[in-house]
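Heads up, the thing below is written out as structure tokens.
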Amino acid sequence: SVGFKAGVKEYKLTYYTPEYETKDTDILAAFRVTPQPGVPPEEAGAAVAAESSTGTWTTVWTDGLTSLDRYKGRCYHIEPVAGEEDQYIAYVAYPLDLFEEGSVTNMFTSIVGNVFGFKALRALRLEDLRIPVAYIKTFQGPPHAIQVERDKLNKYGRPLLGCTIKPKLGLSAKNYGRAVYECLRGGLDFTKDDENVNSQPFMRWRDRFLFCAEAXYKAQAETGEIKGHYLNATAGTCEEMIKRAVFARELGVPIVMHDYLTGGFTANTSLAHYCRDNGLLLHIHRAMHAVIDRQKNHGMHFRVLXKALRMSGGDHIHAGTVVGKLEGERDITLGFVDLLRDDFIEKDRSRGIYFTQDWVSLPGVIPVASGGIHVWHMPALTEIFGDDAVLQFGGGTLGHPWGNAPGAVANRVALEACVKARNEGRDLAAEGNDIIREASKWSPELAAACEVWKEIRFNFQAVDTLDPLKS
């Protein structure tokens, strides 16, 4: 018998297994690995697999008390990144037994909890995860799903319109509610608490909830349409968050909101369960995501955060605009928009999708386009996102020279014009500006909006881009 041999051995002897056939029940991860100079890619990939599963820096005698073969993560494939020196994609397979059922928190603690500070790596980024069907089935997922939301709101055949109330901090509850009412009356479907509006000295949450509910009901009575305001239930403790959600339910409003990254996955999953049990829609804001996902060589790609949110639960999530002021390339964005909405997504490296993902009927999430968009963007947004999206114009509603309600009218008219043109078979990409101009002839509100924002552009290079595909 070999017995226990103390000492340090190379990770790749145990954790680099290029002959391994992945199982249907494995969680698969694609990591972008940048090793330190002199560290071979196999050792770096194996180190990631080891440190995010059963390994530690030295051999321990207690390894003999378990079956490492059954529980270890395995680096099963490594490929160099085209156009980058010394950067590799390492594919790691994790056995399902390593993860607690129904816990996104535990999944992330295992896969990305420790290994990102590892000295042998210069940088590390989790690009994508393949979640096996067996694991997905342990999650409730979004409280409702896209079709259920449309049925609750009685809105079909078009994207939904929203608006974040600005200035985001400093308004009293009554003035805030007034701004909500004006927007909803003008034709928007939703208004939104800003992500940093929780319960501050200038506006406590209970006052805001009351005035916003009043605003929504008044607008509903006047327009004959169902209206909602995303009441942000994010709080300092889970108990307080649920207390706010309970109050929202007692007011009878249709939707609440949560900042899922700052609030945390445990809190988010609790809130999603509450929302399903009590018929509340759940709007998710991704505040803090760019801290994690913006750098191309380190962190975690947003498509991973989005998949995790679909498992944890949320009916809407902010997903970039492609055309506004915030980061988001078209192919990458559409890749994770499909991951949020569709039931089955094929592997497609040209859109940054590393694995085929089957969601086995887990409800979908509606992507929200928000950030620096206005009426001139409407044709592009309608074309890029299709019907199942929320288009959110904060400044693009409240910045209208005549006020909030005319700003809302302008957006609704522009949207209806784009949907009508699309349904008639017109090319929104080519004819977008003409469609908006035609509509503005019979809508003075839209004409005024077109004039204000005709020259606005946010032209900066995207930081996070796709790798060139090997020819």
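Here the Cβ of each residue, glycine as well, is placed from N, Cα and C on the backbone.
For reference, Swiss-Prot has these:
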type	residues	note
ACT_SITE	Lys166	active site, proton acceptor
ACT_SITE	His285	active site, proton acceptor
BINDING	Asn114, Thr164, Lys168, Arg286, His318, Ser370	substrate binding site
BINDING	Lys192, Asp194, Glu195	Mg(2+) binding site
MOD_RES	Lys5	N6,N6,N6-trimethyllysine
MOD_RES	Lys192	N6-carboxylysine
SITE	Lys325	site 'Transition state stabilizer'
**Request:** State which of the following binding-site residues has the fewest other Cβ atoms within 10 Å around its Cβ: Asp194, Glu195.
**Result:** Asp194
**Prompt:** Looking at the binding-site residues Lys192, His318, which one has the fewest other Cβ atoms within 10 Å of its own Cβ?
**Reply:** His318
**Among Lys5, Lys166, Lys168, His285, the most crowded of the recorded positions [Cβ within 10 Å]** = His285
**Message:** Rank aside, I only need the closest one: which of the recorded positions Thr164, Lys166, His318, Ser370 has its C-alpha nearest to that of Lys5 (N6,N6,N6-trimethyllysine)?
**Reply:** His318
**Message:** Let me make sure I understand the structure: which of the binding-site residues listed (Asn114, Thr164, Ser370) has the fewest other Cβ atoms within 10 A of its Cβ?
**Reply:** Asn114
**Message:** Using the Cβ center of Lys192, Asp194, Glu195 as the Mg(2+) site position, which other residues in that chain lie within 8 Å, going by their Cβ?
**Reply:** Thr164, Ile165, Lys168, Asp193, Asn196, Val197, Tyr230, Asn232, Met257, His285
**Complete:** Whole-number Å distance separating the Cα atoms of Lys168 (substrate binding site) and His285 (active site, proton acceptor) is 14
**Prompt:** 10 Å Cβ neighbour count around Arg286 (substrate binding site)?
**Reply:** 23
**Item:** Subset of recorded positions (Lys166, Lys192, Asp194, Glu195) lying within 10 A of Arg286 (substrate binding site), CA to CA, in sequence order
**Value:** Glu195
**Asked** Could you tell me the C-alpha distance between Glu195 (Mg(2+) binding site) and His285 (active site, proton acceptor) in angstrom, no decimals?
**Response** 7
**Message:** What does the structure give for the C-alpha distance between His318 (substrate binding site) and His285 (active site, proton acceptor)? Integer Å is fine.
**Reply:** 6
